[in-house]
Structure formats: structure tokens, C-alpha cells
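Features reported for this protein in Swiss-Prot:
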type	residues	note
COMPBIAS	186-197	compositional bias 'Basic and acidic residues'
COMPBIAS	198-211	compositional bias 'Basic residues'
DISULFID	CYS96-CYS140	disulfide bond
DISULFID	CYS129-CYS177	disulfide bond
DISULFID	CYS133-CYS179	disulfide bond
CARBOHYD	ASN134	N-linked glycosylation site
REGION	158-162	region 'Receptor binding site'
REGION	180-211	region 'Disordered'
SIGNAL	1-20	signal peptide
Amino acid sequence: MRTWACLLLLGCGYLANALAEEAEIPREVIERLAHSQIHSIRDLQRLLEIDSVGAEEPLETSLRAHGGHGAKHALEKRPVPIRRKRSIEEAIPAVCKTRTVIYEIPRSQVDPTSANFLIWPPCVEVKRCTGCCNTSSVKCQPSRVHHRNVKVAKVEYFRKKAKLKEVQVRLEEHLECTCTSASPSPDHREEEAGRRRESGKKRKRKRLKPT
């Protein structure tokens, strides 16, 4: 009975020690990662002030850790493989930037009142902000956008005859991107002069007539 109690105490102590070692990542570390430029594992290592990068455990060490005569005997019988140095390619991050994506033109942009028509071309290429940021606390979002109008063909059928009409569709292009918080709505700076003029106008205050 005393032996079982000792084993239970040892197990609880080991579990507490393991939980203490696997601490939660500090908030300041997440913030530092979110607002830093990281292009490689070496940059990440330098930013977190880590002296060395851990490697995978060798086969001999793994078998030795499990112990026992059976593991040693299996290692002796196993043919020794010819070790070849393989250069493993480092993962290239998909950074937050503008990329060409396929945009399917919504039917509501062409004619929201009808459903019996075709659009050509149905898809176009636009520049949009894509990619990942260093942490999930920030998202890749546009910081500067531009709108342009393009012509598409709207094809309808009347009395078994095709009728084609050109319709203007407004497309949004992303010019610059940034990693920012996902909750607040981004303040896009429009490229169109008309919108800048409208935003620059001051509202006139109405004077109240004395009663």
C-alpha cells in the first residue's frame, strides 16, 4: 500500500512539473510577433532570442529511452541504413501583399431585378490583399483601395432571339496591404478624386430662427 502511495505522489509531481514547463505563450511575445517582419526561421529565432533550434530525436536515442533488452536486440538485428544528407527546403511564408485573384462578377451588380440573363465574362482578374500575418490576432487587410469601371456583356433572350447589352460593373482593386486587427473596419483611402472632394466638403450649420 505504501508503495502505491509513493508511486501516486511521484506521478502527481511529474504531471505538475510537465504542466509548469508547458506554460502559456506570453501576450507580449504574441504582440512582438504580430508587429515584426519575419522572413525565415533564423529571423524568428533572433526575434525570440533563442540560442538553438531543436532537432528531431535520432532513432538510437528513441529506442534507448524506451529501454529493455528487446529494443536493443531489435536495433542490433536491424540493417544499418546508409545515411544521406538531405537538404530540406525551408518553408517560404505567404506574406501579406496584393496578388491577382479571380473575381466572379455577382449577378446583382449587373441586374438585381432579373434572373434570366447571362454575363460575359463571368469572371475577371483583380488585385486583392491575400496572405498570412505572423499571428492570428491580426489579419491581412487592404489599407489603400482603388475602384475602376469595366464593361461586361449582358445577354438576354426575347422571343427566341438573343439581345446583347453592355453594362458597367464597378471593381475594387487593392493597392496596399497591412496586417491589422480584424475587428475594426479598415479606413480605405480612395483614389478617386470625386470621393476625396466629397469628404473634404464641410457641412453648413443651420441657423435656428428665434421663436
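The first residue you see is number 1, and the count goes up from there.
The backbone N, Cα and C atoms fix where each Cβ goes, glycine too.
Swiss-Prot feature annotations superimposed on the structure.
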residue: CYS96; record: disulfide bond; DSSP (3 states): coil
residue: CYS129; record: disulfide bond; DSSP (3 states): strand
residue: ASN134; record: N-linked glycosylation site; DSSP (3 states): coil
residue: CYS140; record: disulfide bond; DSSP (3 states): strand
residue: CYS177; record: disulfide bond; DSSP (3 states): strand
Exercise for the section: List the helix, strand and coil residue totals of the region 'Receptor binding site' (158-162) as derived from DSSP. Expected result: 0 helix, 3 strand, 2 coil
Completion exercise
CYS129 (disulfide bond) sits from CYS179 (disulfide bond) (Cα to Cα, rounded, in Å) at a distance of 10
Completion exercise
CYS140 (disulfide bond) and CYS133 (disulfide bond), compared by Cα position, are separated in whole Å by 6
Problem - Rounded Cα separation (Å) that holds between ASN134 (N-linked glycosylation site) and CYS96 (disulfide bond) - result: 10
Practice task
Name, in the order they occur in the sequence, the residues of the same chain whose CB lies under 8 A from the CB of CYS129 (disulfide bond) and which sit 6 or more residues away.
Solution key: CYS96, LYS97, THR98, ARG99, CYS140, GLN141, PRO142, HIS174, CYS177
Problem - For CYS133 (disulfide bond): intrachain residues, at least 6 apart, with Cβ closer than 8 Å - result: ALA34, CYS96, LYS139, CYS140, CYS179
Completion exercise
Cβ atoms other than its own within 10 Å of the Cβ of CYS177 (disulfide bond), all chains, total 23
Practice task
State the mean pLDDT for the region 'Receptor binding site' (158-162).
Solution key: 77
Practice task
Provide the number of Cβ atoms within 10 Å of the Cβ of CYS96 (disulfide bond), excluding the reference atom itself.
Solution key: 20
